[in-house]
Amino acid sequence: MSERRTTLLEVRDVSKHFGGIYALNEASLVLESGEVHALIGPNGAGKTTLIHVLSGALPADAGQVIFDGNDLARRAMHERVALGLARSYQITNLFSRLKVLDNVTMAVQSRVRDWGSSFSFWKPFSLDSAIVDEAHDLLAQVSLTGLAGRRASQLSHGEQRCLEVALVLATKPKLLLLDEPMAGMGPEESVRMVELIEHLARRVTMLLVEHDMDAVFRLADRISVLVGGRVIASGEPAVIRADHEVRRAYLGDAE
Amino acid sequence: MGLYASSPRRRVAAAITLLALLALPWLMQTLDQGFYVSFASRVLIFALAATSLNLVIGFGGMISFGHAAFFGAGAYTVAILAEGGVHSAALAWPLALAVAALLALLIGAISLRTRGVYFIMITLAFAQMVFYLIVSLKSWGGDDGLLLLRRSTFGSLDLKDDTTFYFVVLATLALVLLALDRLAHSRFGRVIQSIRENETRMEALGYPVFSYKLVCFVIGGALAGLAGALLVNQSGLASPNLLHWMQSGTLMVMIVIGGVGSVFGGVVGAVLLLLCEEFFVEISPHWQIGLGLVLLAVVLWAPLGIAGLFGWGRSRE
């Protein structure tokens, strides 16, 4: 990672409304490559909506998203993944009936630039041993090695969250959108996840949506605060902690 | 119900079945039941049609209720070409396949923009449109269908001979099943099965889901067209009934009974259903009530079908 930081993602005045309710109201945000950028805000502030808009699951009503020099406006979700933008889900979203290893191999296989197209109808996948090896590697990184043969649905909640991270990592993203990776985790599982994210942060830029403030202040290089669909503050953790408006709008409520 | 995986045991069972089917004409002639050779061809053709639908529903997870359109398109293509003097199988059969593929491309490109029950209804609607179109075209026989007065010619093979025709059908089915088994284990096969399992997640992993589904839908349609081409040769008639929604329903029943998402599910279902039809109809014309009960039992207690019961289907632990 170079010392000189460049802008990886720029969100400019993005709005999204559902009927009369503005989930996002001219939200703006800049992510530099290499940083862990946490997005915090009260429930209903629009955090998950922003993730949906960034990943392409929802179209924005107004505004612009520039990722790595590309305007994302008209790009489908799968095209954004190819550009290096991958997301995890707040509610675990896996191939629950498939084996853990198959979950990861499907994710690894998706990288067209490395493996070529999946429009291959005759050659057995079992010969694609490089994909399988890489999947085992990823499982080791998220400490799920011994569970490769289980069905995803048989894993514990925390293990499923780790598998979720492995799937996103397998796409080799430049930017990882992590939507509440610690949601519903017990304290021990949370510690494990924080360590995992810390480890990953050395390699990949992250936008982290998280409610656990201890984790946020430990992991984040910078923090943005989303309230009522608008980013009201953005800066280093110490600055955010001290920010008056933020305390009033958000942190104050929690304490 | 994970990804499809063949076991050596299943391959042995397939090989034994193939040997038995190779010996069938000889056996029938020995027993002086030559009529059943043609019937056996019919069963294998329906097995092919059901297998093609199983690719779409069982592997691709697309509950298409309009598969008869492709089946019928293949049959009519061969019959219409024969009217025009084209009898060569080498020409007519691939054309039947191509016409069905093109129809599937058109119907799929529109229908696959919908999901769930809307997809079921829109495929049904398209197929019924094709049905009414054919029925209204008097030059192609309208209600009565189009007779195929002589079977296609295929090099030096004499397809008029029921036994020769049977072997051609058997070879076609065997090749398609082999190809489907390969496909199920290929990258493409894994992708479509995973789309069946979790479409949103596949999109989020960067797969252009729509393209994969469309290709799967078109392959299924094309194979149904091939089955139609064979069927019109077997029966000598391209009937509008081949295009009717009840035909789509029959194919669906076959794969549900046989095993959804299993390479051999369509074969098992077609064989069981047509054998029941052939022999129970003599006992009582209301035999289908019994069929209804069987279907109910399968759905309730053996959701992976007969193939699943014997461990020929997807693994289910």
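In case you wondered, yes, glycine gets a Cβ from its N, Cα and C as well.
Counting residues 6+ beyond its ends, the transmembrane segment (B:12-28) has Cβ neighbours under 8 Å at 34, 36-37, 40, 44, 162-163, 166-167, 170, 174, 177, 264, 312 in the same chain. Marked as transmembrane segment by TrEMBL: B:12-28 (among others).
Residues or ranges marked as transmembrane segment in TrEMBL: B:34-57 (among others).
Within its own chain, the transmembrane segment (B:64-82) is flanked in space by residues 49, 52-53, 56-57, 91-93, 95-97, 99-100, 103-104, 107, 111, 119-121, 123-128, 130-131, 134, 140, 146-150, 152, 217, 220-222, 224-229, 231-233, 237-240, 242-249, 251-252, which lie at least six positions past its ends and keep a Cβ under 8 Å from the stretch. For B:64-82 (among others), the entry in TrEMBL reads transmembrane segment.
The feature transmembrane segment is assigned by TrEMBL to B:88-110 (among others). Through the fold, the transmembrane segment (B:88-110) approaches residues 66, 69-71, 73-75, 77-78, 81-82, 122-123, 126-127, 130, 152-155, 159, 213-214, 217-226, 228-230 of its own chain, all at least 6 residues removed from its boundaries and within a Cβ separation under 8 Å.
According to TrEMBL, the transmembrane segment annotation covers B:117-135 (among others).
Per TrEMBL, the feature transmembrane segment maps to B:164-184 (among others).
Residues or ranges marked as transmembrane segment in TrEMBL: B:205-231 (among others).
Sequence annotations record features per position, and here TrEMBL assigns transmembrane segment to B:251-275 (among others).
Positions annotated as transmembrane segment by TrEMBL: B:287-312 (among others). Residues 1, 7, 9-10, 13, 253, 255-262, 264-265, 268-269, 272-273, 276-277, 280-281 of the same chain sit 6 or more residues outside the transmembrane segment (B:287-312) yet have a Cβ under 8 Å from a Cβ within it.
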If you count CB pairs under 8 A between the transmembrane segment (B:251-275) and each of B:34-57, B:117-135, B:164-184, B:205-231, the winner is B:34-57
If one takes Cβ-Cβ under 8 Å and requires six or more residues beyond its ends, the residues near the transmembrane segment (B:164-184) are 4, 6, 14, 18, 21-22, 24-25, 37-38, 40-41, 44-45, 47-48, 51-52, 55, 59, 151, 154, 157-158, 193, 223, 226, 230, 233-234, 263-264, 267
